[in-house]
Amino acid sequence: MRIDIISVVPSLLESPFSHSILKRAIQKGLVEVVLHNLHDYGFGGYKQVDDYPFGGGAGMVMMIEPIDRCLSALKAERNYDEIIYLTPDGERFTQKIANELSLKNNLILLCGHYKGVDERVREHLITREMSIGDYVLSGGELAAAVVADAVIRLIPGVLSDETSALTDSFQDNLLAPPVYTRPEEYKGWKVPEILLSGNHKAIEEWRWEQSLERTRQKRPDLLKNFW
Ligand code: 6GU
């Protein structure tokens with residue numbers, strides 16, 4: 001998979017892809033993440049990418065032409081499955097969408113900034129709009145990092161134990177069960193005995209019940225979609 005990310009502050013996105021699981025996924029060649037500075041396609045000496053809104057009002061609007069030039073340069077090189085604009089008024093990003101996107105070959109993530117992009121970008125140049133939740137970030141970069149992370153870890157071979165993505169919270173619309181490691185007892189706080197029993201069938205049953213109970217208590221809204 002290849003993910004191209006277009007931003008006015010691409011340096012914001014360097015760190016998430018330089019560590020741990022995402023870094024290894026890139027090193028293994030399972031995904032290529034390419035950052036693009038929209039200013040490279042901007043106007044004049046200041047490489048301007050935004051302008052005042054027609055009709056007045058506060059804030060700046062990202063101009064269509066630098067975005068179109070950047071997208072055209074990318075699209076001349078390969079076919080993209082989705083061109084996703086990150087914006088708080090987009091479709092809510094979920095595990096289901098992460099699963100879907102993890103099957104694609106080429107994705108573009110366009111990060112919104114300021115008051116957002118000229119509406120004609122949304123009408124004509126992108127295929128999808130995504131939000132990561134009901135709150136406002138100062139730009140789409142952190143949202144793009146969230147989307148890219150959630151997608152990349154689902155690519156086969158990225159996680160060392162391939163089954164571990166299958167037992168994530170949300171993967172089957174339930175929260176994950178509790179986990180424990182050594183020591184068996186700490187300050188009198190004990191690990192549930194069943195996990196030490198060696199009875200794999202009983203352990204699986206216990207985990208299932210814990211998942212269900214945890215979801216009932218913390219996220220009863222998820223169970224509506226589950227049954
Ligand atoms: Cl995608 N962008 C911004 N700026 N804020 C957000 C968001 C995106 N998703 C939730 N809040």
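Easy rule for this one: first residue shown is 1, then count along the chain.
Glycine too: its Cβ is placed from the backbone N, Cα and C atoms.
Note: TrEMBL annotation is automatic and uncurated.
Feature annotation from TrEMBL assigns domain 'tRNA methyltransferase TRMD/TRM10-type' to 1-224. According to TrEMBL, the S-adenosyl-L-methionine binding site annotation covers G112, I132, G133, D134, Y135, V136, L137.
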What's the most sparsely packed of the binding-site residues I132, V136, L137, counting other C-beta atoms within 10 A?
-> V136
CB neighbours within 10 A of G133 (S-adenosyl-L-methionine binding site), counting all protein chains shown, number 11
Non-site residues, in chain order, whose CB comes within 8 A of the mean position of the CB atoms of G112, I132, G133, D134, Y135, V136, L137 at S-adenosyl-L-methionine = P88, S131, A143
What count of other C-beta atoms do you get within 10 angstroms of the C-beta of D134 (S-adenosyl-L-methionine binding site), across all chains shown?
-> 7
Cβ neighbours of G112 (S-adenosyl-L-methionine binding site) where a neighbour is any other Cβ within 10 Å | 25
